[in-house]
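Everything below concerns the one structure shown next.
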Amino acid sequence: MDSTYALHLAVATLLGASFAAASAYYMHRKTLDQLLRFARSLDRDHRRRNRHLLDADDDDDDDPPRDHDRRTTLPIPPGLPPLHTGREGKPIISPASTKRVGPLVRPTTPRSPVPTVSAFETIEDSDDDDENIAPDAKNNAVSLLTNGTIGSDPLPGKASQNGDTKPVPSTNMIRSQSATGSLHGAQHNPVAADILRKEPEHETFSRINITAVETPSPDEIEAYKVLQKCLELREKYMFREEVAPWEKEIITDPSTPKPNPNPFYYEQQTKTEHHFEMVDGVIHVYPNKDAKERIYPVADATTFFTDMHYILRVLAAGDIRTVCYKRLNLLEQKFNLHLMVNADRELLAQKAAPHRDFYNVRKVDTHVHHSACMNQKHLLRFIKSKLRKEPDEVVIFRDGTYLTLKEVFESLDLTGYDLNVDLLDVHADKSTFHRFDKFNLKYNPCGQSRLREIFLKQDNLIQGRFLAELTKEVFSDLEASKYQMAEYRISIYGRKKSEWDQMASWIVNNELYSENVVWLIQIPRIYNVYREMGTINSFQNLLDNIFLPLFEVTVDPASHPQLHVFLQQVVGLDLVDDESKPERRPTKHMPTPEQWTNVFNPAYAYYVYYCYANLYTLNKLRESKGMTTIKLRPHCGEAGDIDHLAAAFLTSHNIAHGVNLKKSPVLQYLYYLAQIGLAMSPLSNNSLFIDYHRNPFPTFFLRGLNVSLSTDDPLQIHLTKEPLVEEYSIAASLWKLSSCDLCEIARNSVYQSGFSHRLKSHWIGRNYYKRGHDGNDIHQTNVPHIRIEFRHTIWKEEMELIHLRNVDIPEEIDR
């Protein structure tokens, strides 16, 4: 009985299992058929849309249903990637291969930490894509309503040669996805050849639109008006060229400019009748000797300090600080959201730009001191080379005796074999943090000032020959890299008027010229040192020694021919020294430079005003004679009081450092609105005033401030042969900057630099002076239009907000 019951139970179980298996097979077969029909319908819709975009004639007839077995006989739609073949030349066809069209924006979790994407990350689709996409919504623009809207809008159409606007066909970033039978739905990146077929300048992207309150509160309106006045004050002081460089010289062929065959050629120019004289620390220029009214007036010191105090009162106003703090946070979050929805598109656009990547886009070292422009290993090799090849060269006069190079090292009890990088001791270490005095001592190789005088000075017994040879080697390294440029700071101290001629003679006689290099003049703010030494008697003497030779050579180039040639390569004036030194805030009624005879150093703002006022007048005079102009680009905001940044806001085109902007949301927001260039040096700051992880550079970048990376002092800071790339690489690694971020920073550095209009046209595009995506050429900058359009749109919205929608945004950048 038991055996019969067991047999019946086994038969029943077998029949039940068979029925279940048959049912499962049937349901599986039916599901596959439905999926295949849905895939074929998507495929037909996709081909139909492609035909509408690519063909001139529209075909409105629906495709008839096709059997699954006949799908391989369909004509190949235009624009599809080439057929991949196997080893024997047979096409590889996956029976389950389909192309699924997803929405433009998917609410997926980003694969890299917000706000950035790793520079080395590949693009992958999320594994948790929505499998149930409605057919009528598969290509619709996405609208995410979360305190605003996000819409997918194409970039404006291309303009034809006749000025007509041509519509640009939408090339949505559809990534090919193959169902290869993997149970986990593994997806593959697009084939490189397919990516390169895309036109990167035609990509669509998701725009961020946050609808603000229609009517701001009275407090906000008042704050906006105050900020608007601050911007107007800056515009009142700024020197702008009457004719923009792109209007003087129209570039039709942005090919590689021919190098200057004779950069030191002196062309005779006629002396003009201009007359100038120093009045209360500012040079007044008259059309002739008999004229009574000056022709290039500039705001006086009382007006400047009054306006600066107004800026300082604005910085301290609580309601304005609140408004600016909120706007800055909103700018940062907008960029984070932009990366969440557009980072993949930006990277694909970069991949679609042939030849360009971070390594071969132009990048300018916008802040580097000439005396420290080489790395420590380079300096060590050079010293050993000279000690081996020229030991008997007389190089210095000390204690009434002329010494050869060999005798100098014997007096130090050193040989060439003894020298190493550690003994050279020029690299900054922990002992230099908050010790600017110790940092300056690092300019002395082996701790010996005589070695600095021999190798790192141009006004020495050998007339700076060693430094000139070392400089040429650095120039050679830059030219070999091709894509790296530098703006070297070289010092004029103001102790005597002949310094300018000595400097120009050293440059011209040693033929120090490179297409990759321009010069800035740095003025150390050490009046108190010269006054205590008795070299000068008043601050007026310092100004006379610095500016009178410049006006003389401008009026009559024949009076200083070498200086005239040298000034053609000078693009900026810098103020340098330790900003952390305590100082008294200047008042509205300060003593004139002639009255400043005490031994105390004037405040930073005092230096800035008198350098600005004389430089403004000089530029007006030089522009009237068709000569190059010089911009004020001081060190500012590395340490010290916020007054420094307020004074620079009114007077300076760009500044170096600016880390103290993090202490003032109002001033930071004003620097953003004015797009004042910040040449920041995080590694240098890390050795002196602020740890790397606390540096505000990444925050400034997210918020849209005009920031670039620079090296400052490669001799003391960096370890490699390419210090600028080292600066970028460390920033990219620690702050997770993407390739797009790095290229945007490099593009900013070219804008901030003082290189010529012709070179900038070749480096970043011939329309670089236009705002927005019209001024961007991804084939030159490797920065996608998506990023440039986002930055411009957000900045434009902020400007319209500050001006209460009553502002005319210029189509070109500031001159």
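Placed from the backbone N, Cα and C atoms, the Cβ positions cover glycine too.
Predicted, not measured: the structure shown is a model, and the values here were computed from it.
Asp712 is the only one of Asp280, Asp556, Asp712 that Swiss-Prot places in the Zn(2+) site (with His367, His369, His635).
When the alpha carbons of Leu715 (substrate binding site) and His369 (Zn(2+) binding site) are compared, the span between them is 10 angstrom. Reported as a whole number, the C-alpha separation between His657 (active site, proton acceptor) and Asp712 (Zn(2+) binding site) equals 9 Å. Excluding His367, His369, His635, Asp712, which define the Zn(2+) site, the same chain contributes Val368, Arg489, Asp574, Val576, Ala656, His657, Ala679, Ser681, Ser684, Ser710, Asp713 within 8 Å (Cβ to the Cβ centroid), listed in sequence order.
Counting only same-chain residues at least 6 apart in sequence, those with a Cβ under 8 Å from the Cβ of Asp712 (Zn(2+) binding site) are His367, Val368, His369, Ala372, Ala656, Ser681, Leu683, Ser684.
A 10 Å cutoff on Cβ-Cβ distances gives His635 (Zn(2+) binding site) a total of 25 other Cβ atoms nearby, all chains included. Sorted by the number of other CB atoms within 10 A, the recorded positions His367, His369, His657 start with His369, the lowest. Comparing His635 (Zn(2+) binding site) with Asp713 (substrate binding site), their Cα atoms are 13 Å apart once rounded.
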